[in-house]
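K.L.:
Take this structure first; my questions come after.
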Amino acid sequence: MADQIPLYPVRSAAAAAANRKRAAYYSAAGPRPGADRHSRYQLEDESAHLDEMPLMMSEEGFENEESDYHTLPRARIMQRKRGLEWFVCDGWKFLCTSCCGWLINICRRKKELKARTVWLGCPEKCEEKHPRNSIKNQKYNVFTFIPGVLYEQFKFFLNLYFLVISCSQFVPALKIGYLYTYWAPLGFVLAVTMTREAIDEFRRFQRDKEVNSQLYSKLTVRGKVQVKSSDIQVGDLIIVEKNQRIPSDMVFLRTSEKAGSCFIRTDQLDGETDWKLKVAVSCTQRLPALGDLFSISAYVYAQKPQMDIHSFEGTFTREDSDPPIHESLSIENTLWASTIVASGTVIGVVIYTGKETRSVMNTSNPKNKVGLLDLELNRLTKALFLALVALSIVMVTLQGFVGPWYRNLFRFLLLFSYIIPISLRVNLDMGKAVYGWMMMKDENIPGTVVRTSTIPEELGRLVYLLTDKTGTLTQNEMIFKRLHLGTVSYGADTMDEIQSHVRDSYSQMQSQAGGNNTGSTPLRKAQSSAPKVRKSVSSRIHEAVKAIVLCHNVTPVYESRAGVTEETEFAEADQDFSDENRTYQASSPDEVALVQWTESVGLTLVSRDLTSMQLKTPSGQVLSFCILQLFPFTSESKRMGVIVRDESTAEITFYMKGADVAMSPIVQYNDWLEEECGNMAREGLRTLVVAKKALTEEQYQDFESRYTQAKLSMHDRSLKVAAVVESLEREMELLCLTGVEDQLQADVRPTLEMLRNAGIKIWMLTGDKLETATCIAKSSHLVSRTQDIHIFRQVTSRGEAHLELNAFRRKHDCALVISGDSLEVCLKYYEHEFVELACQCPAVVCCRCSPTQKARIVTLLQQHTGRRTCAIGDGGNDVSMIQAADCGIGIEGKEGKQASLAADFSITQFRHIGRLLMVHGRNSYKRSAALGQFVMHRGLIISTMQAVFSSVFYFASVPLYQGFLMVGYATIYTMFPVFSLVLDQDVKPEMAMLYPELYKDLTKFAKVAQTAALCVVV
């Protein structure tokens, strides 16, 4: 079916019929607001509805700039607007609404974001006013707290009904009892709610104040001064120490590191624990002292603030030099707010503050979450109100409409108001408080914190679980597991053999060098007297280990000891290379694991800067290499390379490593590569192929000239550079295949299996690379061994998205892996179709997702399926997703407490979510549902007695019970059944964990519970 859908305009009767069919589909699949919205495919056969799902193929459709899911309904509305009938019926309403909306937009018009010129150390030169650099997570202020809380409470029909009933008692003709019988319960509910909101608001205020009050060193003409984070302005020169949070978006000017670069941790921004290498502007880094920043006339031209955290365009200009110096700025020259400096001390000029920073722009505003049970009770309250009105009309009718019948009608409404008891809200709030207390006191899930006590029942009605990867499913600890040389494989238990080969190889090289009185004898000469088999194995292992320790972007750092300054310590490190206090910094944890492994087998990386690196052999000899060229890893090339010159032999070698799909076409003798990569992948290992190529001086000089010329090109620079590099990537020698394991958290696999058996669909949303996300999905058994994985290829246009969606439709029981860029294109043109297809998958993995994309995916699932969603994460980049979900769970771990503080529930390990949902979530929902039915039944009893009493006394609107008797009936006299229902437990916790299918049955028969409640009313 997918192959029969044309991609280009077809002028035929068949095409016209297809267009009519599409129009009928979109008419039937139009949006329906509300939580009860369900997919039109839920009652149809899966294979049938997939084959009948049309995609817009007309020429006009391809010119649309957004999804047909939005454009077609608008077209139908515009068609109805033609004619006088529409204007008389609905036009005037539309006109008034449009005018009001126009006025509101004028009042709330946001300031247009523009590019800016920022002078170094001169905030007063800023042409425009910029926002304060303060963080504000509060929902209210002093003036809006009471009105805001009251609005949130009385926007629900249940609370508004109680308010109207209580206010009616101020009218003498309608008064049927004491005021306290109505106002005391309502006042108690409001007091508890406002107290809880006030405490939460005060805690948010304290957290914001703590962040905004952090002190930073500001560089001025008179020296360093301390300034609060909230007082930082655009143009300020800010000094950020190691392990300190960067307060605002800055351009990196100087660092204390002699290499002119530093590492930063971005886990709170994008979820990646890989340290990012940042390079200072060379013009300012070369200045002799910090004070010289004020002796030059320089400025930064920065693009307008935007949400993309992976790109930046700007220029640095120094005007007082002859000629003026111009440097291009990119993402490697920036320091984004909410990241942490991992090495050295950095100095930057502030370019964005407050709500214009990348981190704030990628954080959505928190919403007031309301549980599905509360919404269902609110709808049931409306039905009960209709029954109340009907009963009152019947009583007045039987009375004969004598006298002031309208007054009697209102009095009957008040007398039968207990059909909707206010104790329902009190009892449910009490029960929710007990459920939260039980969660926090559960010894099997220590450290659990309930931050939103109003939605514990949501934990028992979840259908979609959206989880982060980094720090949530994994421990962020990489361990080297396997080295494969083609004919022999070394695992964790045989690493001592590699260590022995490396030690013997360098011992022979040193002894041979000593015998020849030269330090430049290569290893192959030292091995000439060795047996042939031994020589082959030693040579291959030596070359593999040497390639691994040279081909990377890892930098060793030596921590300062007590009483030793940083500069002194680095000087000592350069001379002694002490193994003590050495740590490795890199942009990828895989590379750190590889370099740590080479250190364990005897070859240690002891020093590295932008132009050289030094290695230490098992015998203590230091080998120096000059870095001639470095080709960093990109998601497009899926590989990285380095060209180095051995200073002892003057040999030039090109080393490269990367994914098997990228390396397989460019290496020789790779007949074993595909099979072994598959074997390692099935073990859950992340594989890298390592290769090398020897270059002569002439070959390198020719390459360097072509490469430099390509980098200076102003047109198609990236394509020309890639072409020059590819000319070098030919006939490379395959050295080895490495396998690294990303350690999963404890009991991740059984927990995911339990959730799947409970009927919960799991989506993994991560900012990490596609290969890493796919590997973790396999190793964690998020994708089972029997399931295929469809990797959604990169798409940039509507036509490409359509072709790829059609290719994906033909696959069944297949997990989906898609990148954030392709996801953005699909949601732009085929939002409804993509969500429908993705919801049919047993698992979905979205990689390279920004924080706003994570939140948008959650919102789309809520809108298109009407199901309850749960988001779980541990980093600052997960806050938007957690706040957008119906239920947010934060894990307090290595990435800080930001996600934990923003979540509704906080746990310490991912495995705790199993007991949180299967036991506490299920019990909370069952107990609240039973409690709601009991309270309604209790109200119906007293209302029935009142109806009988009034009927006996000629339908008089006189109360049967008054005063404290009625209050006591709803509280003290019937409190023991309430306690029993709140503490009820149908199965033991162990049984609920053993049979997660009980959770699935609970969500499946939720509608049955609503029907039972209506039967109670009848």
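Cβ coordinates are placed from backbone N, Cα and C, and glycine is handled just like the others.
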K.L.:
Name the one residue among PHE633, PHE703, PHE834 that TrEMBL lists for the same ATP site as ASP468, LYS469, THR470, GLU591, LYS657, ARG686, THR766, GLY767, ASP768, ARG848, LYS854, ASN877, ASP878.
P.N.:
PHE633
K.L.:
Transmembrane segment per TrEMBL: which of the ranges 169-188, 409-428 is that?
P.N.:
409-428
K.L.:
Can you identify, from 659-681, 935-957, the stretch that TrEMBL calls transmembrane segment?
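P.N.:
Of 659-681, 935-957, TrEMBL gives transmembrane segment for 935-957.
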K.L.:
Can you tell me which recorded stretch out of 383-403, 409-428, 963-983 has the most Cβ pairs within less than 8 Å of the transmembrane segment (935-957)?
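P.N.:
Answer, by Cβ pair count: 409-428.
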K.L.:
Find, for the listed binding-site residues ASP468, ASP874, ASP878, the residue with the lowest Cβ contact count at a 10 Å cut-off, counting only other Cβ atoms.
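P.N.:
Minimum Cβ neighbour count within 10 Å, taken over the binding-site residues ASP468, ASP874, ASP878, occurs at ASP468.
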K.L.:
Treating G and I as helix alongside H, and B as strand alongside E, what does DSSP give for the domain 'P-type ATPase N-terminal' (127-183) in helix, strand and coil?
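P.N.:
So the counts come to 29 helix, 0 strand, 28 coil.
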K.L.:
Quick one: DSSP breakdown of the domain 'P-type ATPase C-terminal' (901-1004) into helix, strand and coil?
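P.N.:
Tallying H, G and I as helix, E and B as strand, the rest coil: 72 helix, 3 strand, 29 coil.
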K.L.:
Across the domain 'P-type ATPase N-terminal' (127-183), what is the average pLDDT of the model, as a whole number?
P.N.:
82
K.L.:
For THR470 (Mg(2+) binding site), list the number of other Cβ atoms lying within 10 Å of its Cβ atom.
P.N.:
30
